[in-house]
Ligand SMILES: [Ca+2]
Ligand SMILES: [Ca+2]
């Protein structure tokens with residue numbers, strides 16, 4: 001294929017739009033237009049992904065704009081949009097990462113190929129970061145390894161990557177200190193101020 005980078009990306013995004021609806025429907029198992037905590041948890045169980053109910057509740061709560069304890073399609077799309085445009089990494093990623101998995105596990109087998117996982121990361125971080133972080137996040141940069149990731153592995157990879165990114169971000173303190181010379185300011189606190 002000789003598609004340019006831009007057209008590849010356009011194609012991927014157009015595809016995404018069509019698949020978002022299907023992803024929502026897979027979570028909304030009774031098709032009433034709302035994703036409940038139980039429905040989301042049932043999906044995790046079907047995928048063999050162990051997660052506490054409180055975490056599932058948090059995932060819903062983070063995106064539940066009208067506070068009814070459910071995620072409707074509008075909220076689902078809104079969080080998708082916000083996370084995709086969130087370069088600073090400050091949006092809640094919980095449900096978004098699950099949706100990413102759903103979008104690429106089209107057969108519902110519970111596995112996403114390493115190649116697809118890379119494409120996802122590529123859309124999120126851009127080429128530069130991808131090249132730098134590929135092996136660290138996925139354990140291998142070898143596409144021919146035909147490695148597949150389960151939902152649990154996939155979420156862990158994105159989580160690790162997200163933490164790395166937050167830690168790599170220069171904090172105000174590290175910049176005031178004159179940056180790279182001193183000890184790493186990373187592990188002490190998230191860059192987002194708690195107060
Ligand atoms: Ca439902
Ligand atoms: Ca809601």
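Residue numbering: from 1, along the chain as shown.
From the backbone N, Cα and C atoms, a Cβ is placed for every residue, glycine too.
Using a Cβ-Cβ cut-off under 8 Å and counting only residues 6 or more beyond its ends in the same chain, the domain 'EF-hand' (15-50) has close neighbours at 56-57, 59-60, 69-73, 76-77, 80, 95, 98-99, 102-103, 106, 108, 110, 150-152, 155. Taken from TrEMBL, the feature domain 'EF-hand' covers 15-50 (among others).
Outside the domain 'EF-hand' (51-86) by six or more residues, the chain places 20-21, 24, 33-37, 40-41, 44, 92-96, 98-99, 123-124 with a CB less than 8 A from a CB of the stretch. What TrEMBL records for 51-86 (among others) is domain 'EF-hand'.
Here TrEMBL flags 173-195 as region 'Disordered'.
The feature compositional bias 'Low complexity' is assigned by TrEMBL to 184-195.
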